[in-house]
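Notes to accompany the following structure.
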Amino acid sequence: MAKHLFTSESVSEGHPDKIADQISDAVLDAILQQDPKARVACETYVKTGMVLVGGEITTSAWVDIEEITRNTVREIGYVHSDMGFDANSCAVLSAIGKQSPDINQGVDRADPLEQGAGDQGLMFGYATNETDVLMPAPITYAHRLVQRQAEVRKNGTLPWLRPDAKSQVTFQYDDGKIVGIDAVVLSTQHAEDIDQKSLQEAVMEEIIKPILPSEWLNTSTKFFINPTGRFVIGGPMGDCGLTGRKIIVDTYGGMARHGGGAFSGKDPSKVDRSAAYAARYVAKNIVAAGLADRCEIQVSYAIGVAEPTSIMVETFGTEKVSSEQLTLLVREFFDLRPYGLIQMLDLLHPIYKETAAYGHFGRENFPWEKTDKAQLLRDAAGLK
């Protein structure tokens, strides 16, 4: 492969699409707290002065959609019309129906283990040993930059920052190993009264330098900080936002393949979400076990059918045991039926709003990030 560049991007919690994701998952969490077996497919649309929450929800719970929406927007930091969006005065519209009984009869079973998949589809999971969290470096550091932006905005270090921001990091690879960072882009919404030079210096000192490892930065690294020169109009006033529009930011930054299904607003019976989490769990444990340096898992389902229609293990030539053996180990140690993976990862809890910004993978507090099966896999593979 020799030398190549690879780029990933992330967006902050105040990006319009991410506002939508967080509202959808806040609604999901509120429902799961009362009714863990609820069926939820919650979509959100945000635009200047307005939030529309819709979808299909079947539950015994009652939740206040308007209050959840306003609280979520408030926590993100849109609390004044000067920012282009205000949690206290925006309109909140609701258009929610029930899940189709045709889908329901394919999912529900007398024996929970025979619970069918809520839809057909294909999902991917990925892991690599190039970072401590077994994630690709470009997306990991892109996330950390916008997380840092939110941190210094909220703690008052840089009070002129506003919630909307984007990051992009280009890494240099040589023969598959990281040798440096080629380019960094960080665009952040800001108050009217900060000049470009002061903004660029502060972003470099308070956001970029504390996050990016100095050994990967050199004199040829290019920095683009608010390259348009002005970013006052942002958030839903700058662009409308929709749930499920940042699926590459949510996953591996383009380093792995994607089955196309979004995550936010979906309860765990939707394999788009739960099976993608399970595939990450499988891939991460394989890499943590030292059975491969990189691992990508594909799993697929038919609607109403419990057993996956396929399982694929790809290790890009980095495997320490054969692909056939890896596939057998996956089938032996991981139950990838919809109910099985819900139990395996304990998914019927209100844990989803936190996933909806800064990536669903690579943060150790989520159950699919555990490496508790690594030693079992290593022993079963016969590696010392």
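Glycine is no exception: its Cβ is also placed from the backbone N, Cα and C atoms.
Mapped onto three states, the DSSP output places ARG230 (ATP binding site) in coil. With a cut-off of 8 Å between CB atoms and residues at least 6 apart in sequence, the same chain places GLN196 near ARG230 (ATP binding site), listed in sequence order. The annotation ATP binding site is assigned in Swiss-Prot to HIS15, ASP164, ALA165, LYS166, ARG230, PHE231, ASP239, ARG245, LYS246, ALA262, LYS266.
ASP17 (Mg(2+) binding site) has a Cβ environment of 23 other Cβ atoms inside 10 Å. If you look up Swiss-Prot, you'll see ASP17 marked as Mg(2+) binding site.
As annotated by Swiss-Prot, K(+) binding site applies to GLU43, with the evidence given as sequence analysis. For the recorded site, GLU43 (K(+) binding site), the DSSP three-state label reads strand.
Other Cβ atoms within 10 Å of the Cβ of LYS270 (L-methionine binding site) number 23 in total over all chains. In the three-state DSSP reading, LYS270 (L-methionine binding site) counts as coil. The annotation L-methionine binding site is assigned in Swiss-Prot to GLU56, GLN99, ASP239, LYS270.
Across the region 'Flexible loop' (99-109), the prediction's mean pLDDT works out to 65. The region 'Flexible loop' annotation in Swiss-Prot covers 99-109, and the record cites sequence analysis as its basis.
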(request) For GLU43 (K(+) binding site), identify the closest of the binding-site residues HIS15, ASP17, LYS266, judging by Cα separation. (result) LYS266
(message) When you rank ASP17, GLU56, LYS270 by Cα distance to LYS246 (ATP binding site), which of the binding-site residues ends up on top as the closest?
(response) ASP17
(request) Name the secondary structure element type, per DSSP in three states, that contains ASP17 (Mg(2+) binding site). (result) helix
(message) To the nearest Å, how far is the Cα of ASP17 (Mg(2+) binding site) from the Cα of ASP239 (ATP binding site)?
(response) 9
